[in-house]
Amino acid sequence: MPQLSRWFKCVFPIDRSEYIKFFLLATICFLVCTNYTLLRTIKETLVITKPEMGIQIIPFLRTWMLMPIMLFFVKMYAFLSARYKQADVCYSLIGFFLAFYLLFIFIFYPYEEFFRLDRLGNWISSWHIPFSEQFGAMVRYWIFSIYYCLSEVWGTLVVLILFWGVSNRSNTVEEAKRFYSPILLITNLSGFFASQISLFFSKSSFRDVLFGGQNIWSATLLSITLCVCFFTVAILFLFYLFFQRFANDSKPSFRKEHSVTKEEMTLTNLIRTMFNNKMFLLLSIMVFSYFFTSAIMEITWKYYLQQLYPNSNDFNDYLSHCTMYISLISVFLALGVTGNLIRKFSWRMNALITPVALFIPLFFLVVSNFYYEIDPYYRAFFGALYYCLSRICKFTFFDLSKEVATVEFSAVEQIKIKTAVDGIVPKFAKTGESILLQLLLVFFHSFALIIPTILILMFVVHFLWAYSTAEIKIKHFAPEGNV
C-alpha cells in the first residue's frame, strides 16, 4: 500500500485544496482537445477525399486562406485582450466557433449546392496562371475551405492561446510543474475518446437517426460536428465556473491583465519583441521547427494514404485508428514517465526528446524514397510512424516543455509569447511549408517528384531545431534530481 500511495502521489501530485481548480482545468483541456482531434480528422477527410479538391489543394488553403484567417484571429485576440477581461475574450471567440459549426450543420451543408460559387470558381479556373484549378476549387467549395481553416484555427486559438494562456496566468511555477503533467495525462485520453466517437458514427446506424436521408459520409460528418457543438457548450460553461472561482487566484497577473497596452499587442511590435529577445526567438524557432516538419510530413504521408484509401469513410477510419493508438501510447508515457522526467531532469533534456525521436522515422523514410521498388505500404508506414510519434511527443514532452518555459515570464510577457509563439509562429510555419510546396510544384509538376527534396530539407530543419532547443536556458527551472 505505501508503494501504491507513493506511485499515485508521483503520477498525481495534487494537494486536496487544489482538487477543484485542477479538475476544472483538466476537464476544459480534455474537451478542448477532444474537439480539436475530432475536427482535425474530419477536416482532412472532408478536403482530401473530395475529388474536386484533393491533397494538392491543402498547400493553397494554408497559404491563401488559413494564414489570413489566423492572422485575423490573432489580431482580434490581441485587440480584445488589451480592452476586455480574459473571461469575455474566451466567451466571444469560442462562441464564434459554436455559431459557425451550428450554421454548417443546419444551413451551409444541407444547402451546399445553393451556396456553392460555381461561376466564380469556373472563372478563376479559366485563368492562364499556374494552379488556377486549385484556386478555383478553393473558392467554389468555400464552405469546405472555411470549415478546414476554422478547424485548424481551433487548435491554435482555443487550445494553445486561450486555454494555456488562462492556465499559465492562474498558476505559479510550482503549481505548473505539478499540474501540467497530470493535465496532459488526462488530456491524452481525449484522443482515444475522440477516435471512438468518430468510429462510432462511422459504423453505427445512430447517425441515420440524427441525419436521416443523408449518405453515409454526410451523416457521419454532421453527427461528429454536432458532437463538437455539444462539447463547445460544455467548455463555455466550465470556463464560466473557472473564472467565477479562480479569477483572482495564485498570481496578481490575473488581476492586472489590463496592463497590456494596445501598442504592445500590435503584430509589428510582437515580431520586433521576438527578434530582440533571445529566449523569445529561440522558443519561436523551436515551435516553428516542430510545426514546419509536422505539416510537411503530414501532407506527404496523407498523399500516400490517399492512394491506399480513396473512400471517405475508410480514410476517416484509418485516421481515427491512428488517433486511438497515439492517445493510448501518450497515456502510457504520461503515467509516471513524463512527469518524472520534467521534475528530475533538466528542461533541455526533456525538450530534446522530440527532435531526436522524430529523426529516426525520418531517416528510414528518406532511405525508402531512394529505393523505388519498395512497396508503397512501407512508405505509408514510415510516414504514419513519424506522424504518430510527432503527435505523441507533442502531447507529452513538447507541449509540457514549452509551457514550463513560458510560466516563468511576467503576465504581459506571457500574453505576448502566447500570442506570437503559439498564434503567429505555427501559422507562419505551415504557410512557409505550403509556399515551399507550391514553388516546388511549379518546377516538378508532380507531388510524388518533390517528396525526396522536402525530406532532405527536413533533415536541415531538424538540426536547426535541436540546436535552438539546446541553446535555451530556463533560469527558474530546477530539477529535483541530477541532470
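Glycine is treated like the rest: Cβ placed from N, Cα and C.
The transmembrane segment annotation in TrEMBL covers 20-39 (among others). Residues 14, 151, 154-155, 158-159, 163, 167, 170, 179, 182-183, 186-187, 189-191, 193-195, 197-198, 224, 227-228, 231-232, 234-235, 238-239, 241-242, 245-246, 249, 323 of the same chain lie 6 or more positions beyond the ends of the transmembrane segment (20-39) yet place their CB under 8 Å from a CB of it.
According to TrEMBL, the feature transmembrane segment maps to 59-78 (among others). Counting only same-chain residues 6+ beyond the ends of the transmembrane segment (59-78), those with a CB under 8 A from a CB of the stretch are 47, 89, 93, 131, 134-135, 138, 145-146, 148-150, 152-153, 156-157, 161-162, 265-267, 270, 295, 299, 419, 423-424, 427-428, 430-431, 433-435, 437-438, 441.
Annotation source TrEMBL lists transmembrane segment at 90-111 (among others).
Per TrEMBL, the feature transmembrane segment maps to 141-167 (among others).
Residues or ranges marked as transmembrane segment in TrEMBL: 179-201 (among others). Residues 11-14, 18, 22, 25-26, 29-31, 33-34, 37-38, 41-42, 167, 171, 207, 219-220, 223-224, 227, 316-317, 320-321, 323-324, 326-328, 330-331, 334-335, 338-339, 342, 391, 395-396, 399-400, 403-404 of the same chain lie 6 or more positions beyond the ends of the transmembrane segment (179-201) yet place their CB under 8 Å from a CB of it.
Sequence-distant contacts of the transmembrane segment (221-243) (same chain, six or more residues past either end, CB-CB distance under 8 Å): 21, 24-25, 27-28, 31-32, 34-35, 38-39, 42, 46, 86-87, 90-91, 94-95, 97-98, 101-102, 104-105, 109, 166, 197-198, 201, 206-207, 210-211, 214. For 221-243 (among others), the entry in TrEMBL reads transmembrane segment.
What TrEMBL lists as transmembrane segment is 280-304 (among others).
Residues or ranges marked as transmembrane segment in TrEMBL: 324-342 (among others).
Taken from TrEMBL, the feature transmembrane segment applies to 349-372 (among others).
What TrEMBL records for 435-465 (among others) is transmembrane segment.
Taking Cβ pairs closer than 8 Å, the transmembrane segment (349-372) reaches residues 286, 289-290, 293, 297, 341-342, 378-379, 382-383, 385-386, 389-390, 393-394, 397-398, 400-402, 405, 451-452, 455-456, 458-459, 462, 465-466, 469-470, 472, 483 in its own chain, all 6 or more past its ends. Sequence-distant contacts of the transmembrane segment (141-167) (same chain, six or more residues past either end, CB-CB distance under 8 Å): 25, 28-29, 32-33, 35-36, 39-40, 42-43, 46-47, 50, 52-53, 61-62, 65-66, 69-70, 73-74, 77, 86, 89-90, 93-94, 97, 100, 104, 108-109, 112, 115-117, 121, 176, 179, 183, 239, 242, 403, 406, 414-415, 418-419, 422-423, 426-427, 430.
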